[in-house]
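Reading through the C-alpha cells given below for one structure.
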Amino acid sequence: MHSSFPARRMRRLRAHDAVRSLVSEHHLAARDLIYPIFILPGTGQREAVPSMPGVERRSLDIWLQEIETLLALGITIIAPFPVTPAELKTDCASEAFNPQGLIQTAVREIKQRFPQMVIMTDVALDPFTSHGQDGLINHAGYVMNDESVAVLQKQALSHAQAGADIVAPSDMMDGRVGAIREVLEAQGFTNTCIMAYSAKYASAYYGPFRDAVGSAGNIKGGNKKTYQMDPANSNEAIHEIAMDIDEGADMVMVKPGMPYLDIVRRCKQELNVPTFAYQVSGEYAMHQAAFANGWLNEEAVILESLLAFKRAGADGILTYFAPQAARLLQQLG
Ligand code: PBG
C-alpha cells in the first residue's frame, strides 16, 4: 500500500533556522580566511586597483594602522605581495632576497608590532624580474628550473629570517619545495611552515593581480604555460601535490579556486592533507562587476562563494573578500 505522504520529508529539517543550523554540514569562519594584501613602497601611499574594485595598494605605514582592525575581525593570517618599482627589477631578480626589501621590511615591522598576526609570504620571482616570469630565463626566453630554484631558496630564507611564519612558493619550479625545506632546516628555521602552491594552473584569471603588482604588461613570452599547469589536467594536480608533501610541504594550495573546486575535492579526499584554495583576482573581479551592476546580491554571494570552498574540502581560503566576509560573519553572529 502506498502511503499518502512522502516517505521522507526533506523539508522538515529546513523549516526553522535553528534546526537548519543544527544539521548544517559546513561552516565558514573568519579563521578560515587568509587575506592577500598589496604593499607599496614609501609612506602615505594608497592607490586603487582599477580591475579590482575595493582593493587598494597601500604603503606599509597605512597597512600597519589597518592590522588592528583585521585582528578585531578575526583575520589572523595575511599574505603580503610587493609592488616593486621598475628600477628594482632585473634579469637576475636579486631584489627578491634583499634583506631590506619591501616584503622583508614589512614582515619585520608587522611581526614586531603584532606578533599574533601570522604572515605568509609569496616565494616567486615575478615581482622582481624585468621580464615578469616567475624564474630566471635563458637566451631563448625559457624559464630555467634549477637556476631559479637557487634564487627561490635565498628568497625563502630571507623571508624566514625576517620572521615570516609561512613561506608559500607560488612559482611552480620542480623541486623547489624540497630545496626550500632543506635550506630552512639547515639554517635552523625548523618551525617555518611551507604552504605550497602545488596545483597552480596557467590561468587567465590572474589578470587583475598582475595589474595590481605591475607585472602584467611585461610577461615575456606572454604566458606561464611551461611551468604552471594545464587547465585540462586533474591527475597531474594530485601528482604535483603528493610530490610537494613528500618534499616537505606542510599545507598545499589549489589555484584558482572556484573553477577548480574539483581539484580541491580530489586533493582532500585522496591525500587528506591540509588543503587551501585561492579565490584569485579574476574571481574577485567577476564578482565585483556583477555586484556593481546589481546583478548579484553582494553579501549573500560572497558568503556562498566562500562556503563552497569549505564544502569542497578546503581547510581555508585566500580571498580579497576576507575583511568584508569577516564583517558579515560577525554581523550574523
Ligand atoms: C605570482 C603570483 C600570482 C598570483 C599569486 N602569486 C600571479 C601569477 O602567477 O601570474 C595570482 C593571484 C591572483 O590572481 O589573485 N607568482
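Every residue, even glycine, has its Cβ placed from backbone N, Cα and C.
Bear in mind that the values here come from a model prediction, so they are computed numbers and not experimental data.
For the recorded site, Lys200 (active site, schiff-base intermediate with substrate), the DSSP three-state label reads strand. Annotation for Lys200 (active site, schiff-base intermediate with substrate): spatial neighbours Ser170, Met172, Gln228, Met229, Met253, Lys255, criterion Cβ-Cβ under 8 Å with sequence separation of six or more. The feature active site, schiff-base intermediate with substrate is assigned by TrEMBL to Lys200 (among others).
Feature annotation from TrEMBL assigns Mg(2+) binding site to Glu240. In three-state terms derived from DSSP, Glu240 (Mg(2+) binding site) belongs to a helical segment. In this view, Glu240 (Mg(2+) binding site) is surrounded by 23 other Cβ atoms within 10 Å of its Cβ, with every protein chain counted.
Among the features that TrEMBL reports, active site, schiff-base intermediate with substrate is placed at Lys255 (among others).
Under the three-state DSSP scheme, Lys255 (active site, schiff-base intermediate with substrate) falls in the strand class.
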